[in-house]
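The structure under discussion appears below in the form of structure tokens.
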Amino acid sequence: MNSKIQKMELNDGHSIPVLGFGTYATEENLRKKSMESTKIAIDVGFRHIDCSHLYQNEEEIGQAIVSKIEDGTVKREDIFYTSKLWSTSHRPELVRPSLENSLRKLNLDYVDLYLIHFPVSLKPGDELLPQDEHGNLILDTVDLCDTWEAMEKCKDAGLAKSIGVSNFNRRQLEKILNKPGLKHRPVCNQVECHLYLNQSKLLAYCKMNDIVLVAYGALGTQRYKYCINEDTPVLLDDPILCTMAKKYKRTPALIALRYQLERGIVTLVKSFNEERIRENLQVFDFQLASDDMEILDNLDRNLRYFPANMFKAHPNFPFSDEY
């Protein structure tokens with residue numbers, strides 16, 4: 001099946017499909033599900049798959065991709081696969097081994113995009129969130145410019161076609177962009193972005209610097225108890241959004257996704273439900289009028305569903321700045 005998903009050019013000459021399939025699964029029993037849903041996503045036309053070492057399901061996602069290559073649904077070059085460097089591997093000597101470890105699990109020769117997942121560095125080791133005896137995270141101090149140099153080497157070695165960052169604020173992006181001897185610019189910054197956190201200032205800054213903004217959490221959140229405040233409003237229940245959905249005869253989710261695409265944002269969407277996975281591709285079947293875009297712009301309330309407060313003590317915590 002030919003994918004109707006449009007692509008956006010990156011600053012290094014590669015291009016990224018503007019709609020991506022997210023694979024984050026919180027619990028072990030969902031990892032199997034993430035494999036099945038990734039197969040479905042590829043079958044219905046998704047070509048951009050977003051994963052990470054942190055999600056602990058790269059093996060399953062790799063199996064899904066390889067099985068779809070083996071059955072002739074896609075070729076490797078049809079798939080745009082993103083992986084991410086976790087915070088316990090920021091030290092330069094750990095960057096390439098971490099990527100190679102992901103590639104082994106995936107059974108792939110390269111990733112299309114490799115991101116620094118979060119700007120906060122943690123103590124190296126097997127524990128994803130290393131803690132001391134009091135339950136506090138054990139932080140590490142690494143210059144992100146040194147990490148970036150190691151990322152550049154991964155690109156030069158052909159292990160990653162493109163490299164970028166995630167959850168960086170403007171100041172942190174500037175630090176990389178102004179690094180002496182910078183060889184490769186970040187192609188993107190993947191951040192939480194939705195109607196209640198529309199990231200308009202960060203988006204403007206990224207566009208000015210030819211960096212693509214990639215949105216996660218574009219539909220709000222699946223309300224994981226461990227990481228969000230349950231008192232936060234449910235984005236897809238927003239009355240203005242629901243009224244607009246009726247006007248366009250679409251679901252609130254499709255309006256929320258279309259809003260991002262109209263702004264030139266690459267958007268990730270995650271579902272384990274086959275019907276919804278198919279439905280999400282309908283985002284290319286309509287457009288929003290400019291006055292409706294303005295109405296949606298005004299829903300912004302600077303609300304983070306993923307505040308990542310456990311990292312607040314680190315000097316590189318990204319969300320204390322305005323953007």
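Any Cβ shown, glycine's included, is placed from N, Cα and C.
Here Tyr55 (active site, proton donor) comes close to Thr23, Tyr24, Ala25, Ser34: these same-chain residues lie at least six apart in sequence, with C-beta atoms under 8 angstroms from its C-beta. Per Swiss-Prot, the feature active site, proton donor maps to Tyr55; the stated evidence is similarity to another entry.
Neighbour density for Ser271 (NADP(+) binding site): within 10 A of its CB lie 19 other CB atoms from the protein chains shown. Sequence annotations record features per position, and here Swiss-Prot assigns NADP(+) binding site to 20-24, Asp50, 166-167, Gln190, 216-221, 270-280.
Marked as substrate binding site by Swiss-Prot on the basis of similarity to another entry: His117. In this view, His117 (substrate binding site) is surrounded by 21 other Cβ atoms within 10 Å of its Cβ, with every protein chain counted. Annotation note: His117 (substrate binding site) sits in a coil segment as assigned by DSSP.
Under the heading site 'Important for substrate specificity', Swiss-Prot lists Leu54. Long-range Cβ contacts of Leu54 (site 'Important for substrate specificity') within its own chain (separation 6+, distance under 8 Å): Lys84, Trp86, His117, Leu128.
Look at Swiss-Prot and you will find Lys84 tagged as site 'Lowers pKa of active site Tyr'. The secondary structure of Lys84 (site 'Lowers pKa of active site Tyr'), as reduced to three states from DSSP, is extended strand.
The Cβ of Glu275 has fewer other Cβ atoms within 10 Å than any other of the recorded positions Tyr24, Lys84, Gln190, Leu219, Glu275.
In the three-state DSSP scheme, Glu279 (NADP(+) binding site) falls into the helix class. In this structure, Gln190 (NADP(+) binding site) is part of a beta strand by DSSP.
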